[in-house]
Amino acid sequence: MSTRRKFLRSSVAGSAAVLSGQSLLAMQEVPYPVTKGNPIVISTWDFGKAANAEAWKILSAGGRALDAVEAGVKVPEADESNQSVGYGGLPDRDGRVTLDACIMDEQYNCGSVMCLEHIMHPISVARLVMEKTPHVVLVGDGALQFALANGFKKENLLTPASEKAWKEWLKTSKYEPLMNIENKLYNKENDPMPGGINNHDTIGLLAMDTNGQLSGACTTSGMAYKLHGRVGDSPIIGAGLYVDNEVGAATSTGVGEEVIRIVGSHLVVELMRQGHKPEAACKKAVERIISRSPEKAKQVQVGFLAINKKGEFGAYALQPGFTYAVKSGKEETIYKGKSIY
Ligand code: SD4
């Protein structure tokens, strides 16, 4: 199209926008052009690298972002050395491994399971909730019953290493979630929760496929040694994960209670809708946590990770120590997230 014709088209669209609400909506798409043909996957923490690699197999073959995010997070779910997600996850204070996961696609469909026991891949159960039921969330026994009815195998997810860590913790039963804070608040010698809590991470993974479609997944064993039945932000749509295919997607990690209070991931997406770049949107969400819980915010870790429709990404955390992994046609990188403190 000639420059002149392009100019005419945009000025017609511009004047129409003043007149009609519908055109105004169309105009809103301008800051978020779809980057077709440039798939990308981003995920929380260093171990996101292996998850990204799995997701990338699907994305680079032209597959759907939804399939990529599910395949990606299944890697840490099945990794017994990862004590914060799926199999091998640290148990609650009663010694039970209870898992939380959710998934969201490019059409605002979403599914979630909370406090699910005995199932290696809660993310796949969450996807089935989304695709095969009229519901969004299944919890506890109901989620397990649904999983078993759909062919999932009942397994023991408590590994000897996690059981040992839990028994060690039982000696003091002290619950102080100072997660992944890479500063004076934490050192191994005075670890209040020995046995892995300070390496306790959730995986939130966001992907854009070759068609420019976004999806996300988030899965965790939650806070180690939590009260039985406690659910964090991770499986809560809007808190631990949100995908708005018009604007972008966001996910979170850290102390879920603080994220739930501000509906963090949805907030990040709405801030991107208002024009903020992903990193700035994540920073503003972190600042919101500080403004809501100023004292608590100094003690705990929360990190947000986001991507917009241009494929731009960014992150921000309360404390130093938050990392995230990125894989695209251009790079395979682990970034250090910036932090307020
Ligand atoms: C939760 N947000 O259950 C999760 C835990 C987590 O890094 O992300 N840990 O609150």
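For all residues, glycine too, the Cβ spot is worked out from N, Cα and C.
The active site, nucleophile annotation in TrEMBL covers T202. For T202 (active site, nucleophile), applying a Cβ distance below 8 Å and a minimum sequence separation of six or more within one chain yields T44, S84, V85, C218, T219, T220, G232, S234, G240, S252, T253.
A simple way to gauge crowding: the CB of G256 (substrate binding site) has 27 other CB atoms within 10 angstroms, across all the protein chains here. The substrate binding site annotation in TrEMBL covers R230, V231, G232, D233, T253, G254, V255, G256.
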Query raised in the report: Least buried of the binding-site residues G232, G254, going by other Cβ atoms within 10 Å?
Result: G232
Query - CB contacts for T253 (substrate binding site) [other CB atoms within 10 A, all chains] - result: 33
